[in-house]
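Heads up: the structure comes next, in structure tokens.
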Amino acid sequence: MKNRRNFLKTAALGAAVFSLDSVAATAARAQAKAPVKGKPIVISTWDFGRAANEAAWEILKKGGRALDAVEAGVRVPEADPNNHTVGYSGFPDRDGRVTLDACIMDEHGNAGSVAALEHVTHAISVARLVMEKTPHVMLVGDGALQFALANGFKKENLLTPEAEKAWKEWLKTSEYKPVINIENKSYTPTNGATAFNPLMLPGNVYNHDTIGMVAMDTEGNLSGACTTSGMAFKLHGRVGDSPIIGAGLYVDNEIGAATSTGVGEEVIKIVGSHLVVELMRQGYPPEKACKEAVDRIVKRSPSKAKEIQVGFLALNKKGQYGAYCLQKGFSYAVLSKDVNNALIDGKHHF
Ligand code: SD4
């Protein structure tokens, strides 16, 4: 009797799982078949996403591959000496070392990533080579550097005088409190992070944040890229969400793509970008999927969520896009035949 009850219970559970699976599969099939309006399209985080989108568009408009577009796109902020949160001239860690995190995914679900990479501006291109030339997904630290050098990248000094000055200023207090909306020049942190605010240093060049970019090409294929110097003055060896497949970026060519920006620790804990894509698989539109991921962070740590920024950005297979973030101030840039590289304010939880 007991065995029969157990059998029935297991069978019922199996049926429930099966039906959930088939709901998701049916929704995915419907999404994959739906006509795509407005492709090609590229979307990316923050206001510097606009310059990055322009570079991506050069490839997309000629019918090029989304993968090439996202790589070319994010290389723009990586090389920008005025951008202190991505690539060259990124803020260093607390030991004065600039360490970069980046990852990339293509339409086949291939993935490549580097973490804590030093001395190479274009971390995204190294990540792409990891994807294309090795049997691995992720290389870190000195191994990533050696791989880059063996593949023709030149060793550079990424620490610019401005970034070094900001680091030395920070050393006076050595207080590690991430500043919300580092791109928002008028923002005054509520978490007491007043002892060092890079935005207040002379020249006010200390703006912006991680770039995450997702794109769909004329073939309807999706790819994504994410690259950053991570949290300013982090512990040496700290890795954020940006190079972690599923956290800072995820692409499923049947469903959609998502990327994130903000305090990576919170994104990693909910495997944020993968969560957004899986929610889209279940039929959530992009903005709603991003909102659900943000809500998950709030639910996990309500008091911390008030003090930090996290933003998600998503594009589905139908060419629909959306974003959601914790705090006011997150913006994203959209470029397609119909949208002229508009900078859009992400809706926010608080
Ligand atoms: C990180 N998500 O390293 C990145 C950096 C970022 O606001 O977006 N900072 O956690």
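Keep in mind that glycine also has a Cβ here, set from the backbone N, Cα and C atoms.
Nobody curates TrEMBL annotations by hand; they come from automatic prediction.
Residues or ranges marked as signal peptide in TrEMBL: 1-27. Taken from TrEMBL, the feature active site, nucleophile covers Thr210. Look at TrEMBL and you will find Arg238, Val239, Gly240, Asp241, Thr261, Gly262, Val263, Gly264 tagged as substrate binding site.
Among the recorded positions Thr210, Arg238, Val239, Asp241, Gly262, the residues whose Cβ sits under 6 Å from any atom of ligand 1 are Thr210, Asp241, Gly262. The C-beta environment of Gly264 (substrate binding site), restricted to residues of the same chain at least 6 apart in sequence and closer than 8 Å, consists of Gly230, Met231, Val239, Gly240, Asp241, Ser242, Ile244, Ala247, Gly248. A sphere of 10 angstroms centred on the C-beta of Thr261 (substrate binding site) encloses 34 other C-beta atoms. Each of the binding-site residues Gly240, Gly262 was scored by how many other Cβ atoms lie within 10 Å of its Cβ, and the smallest score goes to Gly240. Spanning the listed substrate site, residues Arg238, Val239, Gly240, Asp241, Thr261, Gly262, Val263, Gly264 have a farthest Cα to Cα distance of 16 Å. Sorting the recorded positions Thr210, Arg238, Val239, Asp241, Val263 by the number of other Cβ atoms within 10 Å puts Asp241 first. For the recorded site, Gly264 (substrate binding site), the DSSP three-state label reads helix. Across the structure, Arg238 (substrate binding site) and the residue listed as 'active site, nucleophile' place their CA atoms 15 angstrom apart.
Thr210 (active site, nucleophile) is 10 Å away from Val263 (substrate binding site) when you measure Cα to Cα. Separating the Cα atoms of Thr210 (active site, nucleophile) and Gly262 (substrate binding site) is a whole-number distance of 8 Å.
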